Ligand SMILES: Nc1ncnc2c1ncn2[C@@H]1O[C@H](COP(=O)(O)OP(=O)(O)OP(=O)(O)O)[C@@H](O)[C@H]1O
């Protein structure tokens, strides 16, 4: 009687068969069960010798031995095949690895560094477009620039593109973008009203500077633009004139009444810069209204630290132009003190600084108050490639107008770099002040040091005022006013006063402590040598100045054809030893380092981390 199946299974469990192994894990259909040779031989021998006479058994024995030899050979072959397979995989892996190593070894250190730089740049380039949240959410994008009624004079429009290009080359203007408007060499041909041309002449502004010559026609034509030109080259007029002309056109067509406007807004990263731009706009609009031929335009200064009640007389009329810092502007828009329902023009001065200072979201917020397409203009003396690329994506058919390398120093400034020991700085400062007559600006990176320098100078009988971020709005205004009017000879300032401020005929800029970021240095020395005049900048460096900064400085001096002192000459660029070209940093424009060593990037990341932790680390006094 056959045993029940469950019992047989139990028996098998008690005397288990020898273990079997799969040879080929990848293919279950062809599984070949492997029984070790010794076991196979023993089983076979027992089977063959268990029957027949002795000669038959001997013959079977020999046959068995023969089979065993064949088995062994097969076994050897199987082992060799297995080893071959394993070796091939290993070798393949090794080959791939050594090929990559060979390719890597062919790359210069410079190429490897460039690859790393490109990776870092790609990682930080993931910004959102500079557009309003509504536009972003709805995917609204405009295909065409804003239409304006301005046309260049016929004789200029009739010129060929080659002729335009020759003119640009004459003034070292580089333009980029589709179908750029023509450069125009005088204000009258730009169709600027005679009264304003006369007024500008009275201020010794007779011929447009290169950025004006290409930038004003570009803005008049309604094109979005990025304008880059060195410090003191007249960017303010280039972006104020178009807004004034658009406002005039609107007001002439149908006068603005209370609650209407503005036509356009100019955004600045600091209160001081906004105040200065506002004063320029007031001067130019007043000059036009003076002879009664043109209507009076109303301009509002919208910055933190001043009571808006003071300006209620402007808000009680139709409003044409607003000059603002981001924080106060948002506040006013949210309170609906005015709206951007008919606003068509947005200009950001020192646009890169605005983004650097963390105003990117504020700018986007401001954009969301626009109800229709706007013309957007971004201006700066230093606009590194990273911000240019990012900004270009946010504009409509933009024209890039570039006069000189973004971040290059103004060639009208004689740059002198001196090695001065920390403890000798104060005394040497007095000696340095003798180089030129006043007015002189002294820059320091540190607020306490600004105060110390002012105190020291006052003790020595020098009429000095001081300005930095911890001063009250009144103190800041007093310092600027008394220095501008000539009542004070020396202004001691921290970085806040450096960018964009236009003081009359500064003879000498002394940089008491060299800023870490070379862009700041470019802006600081740029307070002299403005509107075609020459000036001197003396910079103190010593062993406290980071080598990286000194290297940036060395290259900047070389680029500007300035004297490089021996202690700077002796600093070697570690990148030079690695071969290849020494490109400027795309984040800050510094020529002495790549992106991986960028102090500005480090600083931005530090600030971002601080703001993630909840701190508001924004500087610049933009509110
Ligand atoms: N076409 C011109 N001819 C002569 N002087 C001019 C001209 N345009 C502007 N200026 C004068 O040049 C000075 C510097 O101009 P502005 O402040 O606009 O420079 P900027 O390019 O904005 O400099 P920054 O980058 O430092 O802000 C001003 O005093 C201005 O009146």
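Residue positions begin at 1 at the first shown residue.
Any Cβ shown, glycine's included, is placed from N, Cα and C.
Record features (TrEMBL):
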COMPBIAS  65-75  compositional bias 'Acidic residues'
COMPBIAS  76-112  compositional bias 'Basic and acidic residues'
MOTIF     185-213  motif 'Q motif'
DOMAIN    185-213  domain 'DEAD-box RNA helicase Q'
DOMAIN    412-575  domain 'Helicase C-terminal'
COMPBIAS  613-623  compositional bias 'Basic and acidic residues'
Contact set, same chain, for the domain 'DEAD-box RNA helicase Q' (185-213): CB under 8 Å, 6 or more residues outside the stretch: 150, 152-153, 156, 167, 171-173, 220, 227, 229, 233-235, 237-238, 241, 245, 248, 284, 287-288, 290-291, 293-294, 401, 403, 531
The compositional bias 'Acidic residues' (65-75) - residue tally per DSSP class, helix then strand then coil: 11 helix, 0 strand, 0 coil
Integer mean pLDDT for the domain 'DEAD-box RNA helicase Q' (185-213): 95
